[in-house]
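A short worksheet on the structure shown next.
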Amino acid sequence: MTTAKVNLLDFDRKGLRKFFTEELNEKAFRAEQVMKWIYHFGVDDFEQMNNINKKLREKLLHRCEIVAPIVSEAQHSADGTIKWAMSVGDQDVETVYIPDGDRATLCVSSQVGCALECKFCSTAQQGFNRNLKVSEIVGQIWRAAREIGLEKETGRRPITNVVMMGMGEPLLNMKNLIPSLELMLDDLGFSLSKRRVTVSTSGVVSGLDQMTDNIDVALAISLHAPNDALRSQIMPINDRWDIQDFLASVRRYIASSNANRGKVTVEYVLLDHVNDDMDHARELAELMKDTPCKINLIPFNPYPGSPYKKPSNSRIDRFQKTLMEYNYTVTVRKTRGDDIDAACGQLVGDVIDRTKRTKMLKAASEANLIAGDVIQVKAV
């Protein structure tokens, strides 16, 4: 029976050193040499690692592999944004590259689909299949760098920032998230500053408390409502951890974090006549008064079948100005890649839904039960 090869992209530095010493009977520094080839030079062929002796190269060829997701489709936006469908087995996840001057941000997925049911997000409507492995998370970054070009001649980084804001809820994949983040920060990995790696969560308090004890990166929270009643309606996770539980966990995290400089980024998607009234703005201002933050308003990005609409520019402007009257720093996110469905909330991929959510949504639609209202569909 043929033994499956070990994918070296599944190891952070500590894990790779252990694998080399315990499984390959090699010195730990050899693991670090290989890491540098993989992440600094984008090499996936052991034969190209010319400072590794032939015996070790043969051992690696026999027992190991370096396999990242492959691009099955690429779409290019007029604004320079690129959306890649990346193959992870027989399914696809979506990864988005957003260039902006000297800054180049990669939006990375953490799950195939999403286990949560946020009503305004197209990813949620696809259902959920599984968590991504470490190699499939960091492999998106590795593959994107290859696609863009490592630009060795100029010395410029092809990717300066990573945001865990793609498909899925990162904190429901803690086992693979933490080593993935370690590789992003590691000098022998992608060597990113902890302030340039951002994890966004919808409110998985247990996961955020684990992050507090294990990793320091920038944090963004998907809040999207100023009270529990409304948040539970559009984000069912609020029934498990309510707003006060969530914010208490956020305060614990930023108190222990250097990456956040004492503040969290609050993400608030604006849904026309749902959560964008001036009373909502004032309620949000009051809610956040004990949690140091900056607020990022996200005008809703439509997708087929959604019951929601983007607010008018005047409503967005009034909402922002109301918050600013309370001395908050408030930005409105510039929509990027919406012409290729690469904007916030539009990622769908190709998901084999294990929750049966997509089948239930289709049945409800055919029975005329949606009718433009917020639907309440539970996974089975």
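Any Cβ shown, glycine's included, is placed from N, Cα and C.
Small disclaimer: the values here were computed from a predicted structure and weren't measured.
Among the features that Swiss-Prot reports, active site, proton acceptor is placed at Glu94. With a 10 A radius on its CB, Glu94 (active site, proton acceptor) counts 24 other CB atoms from all the protein chains.
Sequence annotations record features per position, and here Swiss-Prot assigns domain 'Radical SAM core' to 100-339.
In this structure, Cys107 (disulfide bond) is part of a beta strand by DSSP. The local packing around Cys107 (disulfide bond), expressed as other Cβ atoms within 10 Å of its Cβ over all shown chains, amounts to 28. Residues or ranges marked as disulfide bond in Swiss-Prot (evidence: sequence analysis): Cys107-Cys344.
Summarising the annotation, Swiss-Prot assigns [4Fe-4S] cluster binding site to Cys114, Cys118, Cys121. Of all Cβ atoms in the protein chains displayed, 26 besides its own lie within 10 Å of the Cβ of Cys121 ([4Fe-4S] cluster binding site).
Around the Cβ of His224 (S-adenosyl-L-methionine binding site), the number of neighbouring Cβ atoms within 10 Å comes to 26. Secondary structure at His224 (S-adenosyl-L-methionine binding site), taken from DSSP and collapsed to helix, strand or coil, is coil. The S-adenosyl-L-methionine binding site annotation in Swiss-Prot covers Gly168, Glu169, Ser200, Ser222, Leu223, His224, Asn301 and is backed by sequence analysis.
The active site, S-methylcysteine intermediate annotation in Swiss-Prot covers Cys344.
Counting in whole angstrom, Glu169 (S-adenosyl-L-methionine binding site) lies 6 from Cys114 ([4Fe-4S] cluster binding site) by their C-alpha atoms. Among the record's S-adenosyl-L-methionine binders, Gly168, Glu169, Ser200, Ser222, Leu223, His224, Asn301, no two C-alpha atoms are more than 19 Å apart, and one pair sits at exactly that spread. On the 0 to 100 pLDDT scale, the domain 'Radical SAM core' (100-339) averages 93 in the predicted structure. Residues within less than 8 Å, Cβ to Cβ, of Leu223 (S-adenosyl-L-methionine binding site) and separated from it by at least 6 positions along the same chain comprise Arg231, Ile243, Val266, Glu267, Tyr268, Leu284.
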